[in-house]
Amino acid sequence: MHDHDEPGHAEGGHAHDHTAGANAKMLGWALALTATYLVAEVVGAFLFNSLALLSDAGHMLTDVAGLVIALMAIRIGTRAPDDKRTFGYRRFEILAAAFNALMLFAVAIYVLIEAIGRFRSPEPVQSTGMMVIAIIGLLVNLASMRILMSGKDASLNVKGAYLEVWADMIGSIGVIAGALVIRFTGWTLVDPIVAIGIGLWVLPRTWVLLRDTINVLLEGVPGGLRLFEIRKAIEAVPGVSGVHDLHVWSMSTDEVNCTVHVEIGDPVESDNVRAAVQAMLGDRFAIEHCTIQTEAEPCEEADHLHP
């Protein structure tokens, strides 16, 4: 005897649309601020003949590209499932987050390489203009971070954009500090030292973002959940005599899916057992979308187990 239980997507779909709309609005404001400052920074770099500002402008360009991609990901991610992509386009948001992480890696490595070059051949820096532009950049980054902060924990896509802006904020502080040192001491080597510090600060946090996105793409168990705990919880539901073929994965940052085969002693109680398992998974583990197959006796493929 086999039964299946799949809750509807109506409520979850509306909630996702609302969240996606809020995230899109946040990203749109951050994009407008960042793109405006990018233009100002490029102009300032040529006006003050500052390679440091031009290099930072390159970092800002990746931010703008990342924000555009993140915004596109939300627009595409809200498309309804179709006959070709039955799960919809939610994973596009995860792909965008992974792309942003890779861009951050590339920029951080570029900065480190550029800094090593500066040690070998230091270049003169116009500290006053450099500091003014960096202060404006700091204010823009702080405003963008404030806009994105409320959505960074609920979306890897927004988190990727937030980390890019955050990295620029740290960069702006470093540039300001370096400009002050150069202005009062003339020690230009502080510029590459600050650059190396920024790169080493950004890389570990970028790795965490990339690791999380890879886990989603590989359909790994979401962070914070333990498969053995879920298995024990299902086995503890009254009427359940065995559990196998348990799979838990994320479609995106806010949707956890589950499939499981549940063995029961009394076939008559299958509906009640399924309902109890479904309620328990939602209450204890926030798993709202689960396909539960009940079996009156161990199936013939019981030896094909998945931990």
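In case you wondered, yes, glycine gets a Cβ from its N, Cα and C as well.
Noted in TrEMBL for the protein shown:
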type	residues	note
TRANSMEM	27-51	transmembrane segment
DOMAIN	30-218	domain 'Cation efflux protein transmembrane'
TRANSMEM	57-74	transmembrane segment
TRANSMEM	94-113	transmembrane segment
TRANSMEM	125-144	transmembrane segment
TRANSMEM	165-186	transmembrane segment
TRANSMEM	192-210	transmembrane segment
DOMAIN	229-296	domain 'Cation efflux protein cytoplasmic'
Practice problem: Report the listed stretch (27-51, 57-74, 125-144, 192-210) having the maximum count of Cβ pairs within less than 8 Å of the transmembrane segment (165-186). | Solution: 125-144
Exercise. For the domain 'Cation efflux protein cytoplasmic' (229-296), jot down how many residues DSSP puts in helix, in strand and in coil.
Key: 26 helix, 30 strand, 12 coil
Practice problem: Pop the mean pLDDT for the domain 'Cation efflux protein cytoplasmic' (229-296) in here, whole number is fine. | Solution: 91
